[in-house]
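Sequence annotations record features per position, and here TrEMBL assigns transmembrane segment to 20-45, 57-76, 96-118, 138-156, 191-223, 235-257, 269-287. According to TrEMBL, the feature domain 'G-protein coupled receptors family 1 profile' maps to 39-285.
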Amino acid sequence: MENASSVKEFILVGLSENPGVQKICFVMFLFFYMIIVAGNLLIVITVISSQHLNSPMYFFLSYLSFVDICYSSITAPKMIADFLVENKTISFVGCIAQLFGVHFFGCTEIFILTVMAYDRYTAICRPLHYTTLMTRRVCGQMVIGSWLGGFMHSMVQTLLTTCLPFCGPNKIDHYFCDVHPLLQLACTNTYAVGIIVVANSGMVALSCFFILVVSYIVILISLKNQASEGWHKALSTCGSHITVVILFFGPCTFTYIRPSSDLSEDKRVALFYTVITPMLNPLIYTLRNEEVKSAMKKLWSRRVGSEKGE
């Protein structure tokens with residue numbers, strides 16, 4: 001890798017080169033990142049601490065929140081720090097590590113969202129078999145499978161990129177290291193690699209999206225025979241998930257299942273799945289879910305009560 005590449009570091013252009021805009025962005029995205037960490041961490045702590053949130057749905061939700069924290073932490077801290085410095089460099093190794101992390105946690109999130117859709121399908125369409133189908137062991141295997149799937153996808157993207165020679169220029173028109181910007185900087189023909197990268201991302205995104213769509217079509221069909229109360233209860237649990245899927249899959253699919261031509265457009269779209277969606281996830285799941293809100297209130301009142309007792 002070192003022999004093929006003379007480039008030892010890359011320069012990240014970031015979201016803007018205007019100093020005034022960068023200061024505004026620093027305050028805004030620092031606030032966003034604090035919300036991401038605090039909100040998702042609160043969900044993880046609430047699910048772990050509450051005895052009432054022991055169903056598979058909340059088990060998967062806690063892992064989704066954990067992945068969101070990791071996913072945003074790969075890109076956001078570097079982006080926020082770069083708003084304050086003039087020299088926005090990242091080492092070659094750091095760039096490849098960031099590329100691996102983005103695809104690892106991003107793909108893992110896609111798989112967990114797909115598993116959550118299957119969980120809702122089983123709960124609504126096969127309620128009598130739900131407890132036998134979605135055991136703790138099965139749920140654990142699904143989460144492990146999601147992590148392994150994310151790892152394999154990320155390894156393919158990372159290995160394909162690291163094998164390319166980079167001999168200059170080294171300026172990346174993005175706020176983090178990603179496949180498409182790096183392919184444009186490689187000093188060799190990257191057409192074949194680009195096709196494999198798009199096919200790899202497309203296979204994951206489209207196959208998971210197909211499973212998600214089929215799951216919800218079956219759920220909606222099965223709800224036809226239920227009373228209005230059953231409709232509202234099912235839609236309240238599924239509505240949050242559908243909202244998150246649209247917010248995450250839409251921009252993600254737009255970026256990765258087509259050859260990239262406009263990097264400035266790509267980096268604006270990337271903000272949705274690296275910052276906006278992880279920030280909104282806790283709000284979406286808590287505002288629409290009475291059980292989570294109730295568990296959070298109990299957890300908070302217990303903490304406040306124990307502090308007063310001391």
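The backbone N, Cα and C atoms fix where each Cβ goes, glycine too.
Highest Cβ contact count with the transmembrane segment (96-118) among the listed stretches 20-45, 138-156, 235-257 falls to 138-156 (criterion: pairs under 8 Å). Contact between the transmembrane segment (269-287) and the transmembrane segment (138-156) is absent: fewer than three CB pairs lie under 8 Å, with pairs separated by 6 or more positions in sequence.
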